[in-house]
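Colleague: My questions all concern the structure below.
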């Protein structure tokens with residue numbers, strides 16, 4: 001791992017890999033990173049090491065500056081040594097590095113949370129805190145196409161609707177998250193890292209099938225790959241189709257939401273006759289978004305269907321309850337979404 | 001299995017099961033079978049035996065007449081005896097019965113087809129032939145919620161887009177197919193049949209994991225059920241959401257297709273400026289439907305994306321080739337979908 005500042009310094013195949021990521025960011029996501037500061041979540045594994053190298057190699061072309069943040073989850077004996085390894089890599093690449101140690105095991109048992117969920121909660125909070133501290137624009141994450149496949153299988157198992165079913169976002173402006181390698185397979189990432197003679201850390205917990213994510217990786221995904229060796233390509237294509245559908249529905253729903261009146265308590269009221277002119281597919285999504293906006297409490301699809309049926313029957317004076325103490329009041333003239341009483 | 005003509009004759013739980021199927025047909029699908037003749041595909045297995053009983057018990061409420069058709073695939077020694085068993089059941093229920101024997105193995109090797117595909121091809125051709133012969137309105141199939149789950153997993157593996165991803169149709173007017181038990185789990189169907197002391201035939205090939213369908217049933221589906229014991233409910237809910245989306249897109253696309261000019265060769269021409277006002281999500285689906293209408297040759301999603309990019313660049317005088325010798329000619333003013341030259 002020497003002299004990794006320019007695409008000319010690396011083999012053509014590795015350079016093409018870098019350019020495919022630039023094309024994804026700028027061409028497909030339509031995102032310019034010029035003048036931005038990217039904080040990279042850097043575990044020391046192959047994905048985040050590759051991501052860091054990519055930014056190092058592309059930063060002049062993308063016009064951004066890069067820093068790295070490492071969280072020592074304190075879950076394994078080697079974790080302190082791994083944090084040192086991560087620091088050394090950043091020093092050699094000339095990338096500013098920040099690291100901290102949080103006892104995730106203790107956090108999990110204090111809150112009565114599963115280890116997987118606790119690690120995710122602590123990690124994202126740390127990254128966001130560090131992003132604000134160093135005034136970065138985005139947090140870059142090393143998620144790849146295999147992660148996307150695993151994520152979409154988890155969503156399938158949980159019952160997620162479309163288009164969210166196709167998997168995690170590549171760019172989430174609200175949470176300032178960016179996933180530049182979402183269309184790159186793990187195989188291509190490992191080939192890139194190996195080709196540049198990069199050393200990385202293997203997290204042994206990746207093999208632990210007590211974690212949902214790992215069961216997707218080691219049990220479900222291989223079965224789909226056996227049915228269709230091009231399965232990862234179908235995941236990528238389906239994700240791309242879902243992004244188009246997401247922008248379509250977002251635009252349609254934005255118009256409807258804009259037509260809603262919001263009172264000082266945060267309740268939304270829409271005209272029932274106007275809403276009646278919309279298609280059921282649109283109303284079901286609108287109902288879901290408005291209920292989500294009212295605060296915590298997840299709404300299930302069958303409750304949305306029940307709300308839609310009540311709305312279609314057009315009976316006045318009905319009130320339906322939703323999780324999180326939210327209510328929907330229907331009359332023949334209007335439909336009102338009310339948050340939990342304060 | 002005695003005296004099965006009225007819902008009053010059977011236990012309340014079994015009667016509720018019947019009524020849930022009636023509610024699905026009339027309430028959810030909005031389908032009236034009054035005055036129709038339903039040809040039931042009757043293998044003698046638990047699904048189709050239950051379906052036949054359901055129609056027997058519901059026929060006066062639904063207002064339809066029922067007959068049964070059995071295909072002896074000649075793939076197993078017992079198949080002739082099974083055909084006889086099927087005939088006996090229909091005789092006892094007073095349902096008119098037709099059966100024929102086709103050597104599916106020979107058909108498969110003559111055509112160089114897989115046994116699974118050959119059986120399906122022969123079976124559907126037989127059913128349609130028999131439907132026309134007895135002047136029936138619809139062919140009723142015994143597919144259930146587990147079949148739907150397996151089907152949607154197969155579609156996931158193959159890369160099907162939304163809303164087709166959610167699985168097979170409950171009602172296909174073009175092919176005159178009806179699947180009344182699509183929302184009933186295999187567990188509920190077996191409980192119904194057992195409760196009425198019905199004997200059914202187990203097809204040993206259902207255990208053969210050389211067939212894709214059976215690998216879904218015995219390997220993939222159990223893993224999803226382990227992740228989420230309510231997985232079948234999520235399949236049903238996702239299917240219901242998909243049906244709403246399907247009617248939404250069908251209505252939108254019907255308007256666009258109606259605006260296309262079709263010439264005597266079967267080519268479709270649309271105004272490019274008008275099409276440009278549509279969302280990408282709409283255009284991708286329109287392109288797919290028009291290409292499918294031009295004849296055989298499956299179009300892949302990445303080719304649709306390529307067509308969309310070419311359209312968006314707005315370059316005149318471009319021609320793109322598609323499988324089945326179909327072509328799309330783009331100019332700045334129009335886009336034309338051309339079938340294979342005769």
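Sequential numbering from 1, following the chain as shown.
Cβ atoms are placed via backbone N, Cα and C, with glycine included.
On a predicted model such as this, the values are computed, not experimentally measured, just so you know.
These came from TrEMBL, pasted as-is:
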- A:38-219: domain 'tRNA(Ile)-lysidine/2-thiocytidine synthase N-terminal' (DOMAIN)
- A:43, A:44, A:45, A:46, A:47, A:48: ATP binding site (BINDING)
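Help me understand the surroundings of these features in the structure.
Modeller: Taken together, the residues in the domain 'tRNA(Ile)-lysidine/2-thiocytidine synthase N-terminal' (A:38-219) have a mean pLDDT of 93 on the 0 to 100 scale.
For residue A:45 (ATP binding site), the number of other Cβ atoms no farther than 10 Å from its own Cβ, over all displayed protein chains, is 18.
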Colleague: Beyond A:43, A:44, A:45, A:46, A:47, A:48, what residues of that chain have CB atoms within 8 A of the centre of the ATP site's CB atoms?
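Modeller: Neighbours found: A:42, A:49, A:50, A:51, A:142, A:200, A:201, A:203.
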Colleague: Same chain only, sequence gap of 6 or more: which residues have a CB within under 8 Å of the CB of residue A:44 (ATP binding site)?
Modeller: A:70, A:82, A:83, A:85, A:86, A:89, A:200, A:201
Colleague: Tell me, how many other CB atoms lie within 10 A of the CB of residue A:48 (ATP binding site), whichever protein chain they belong to?
Modeller: 23
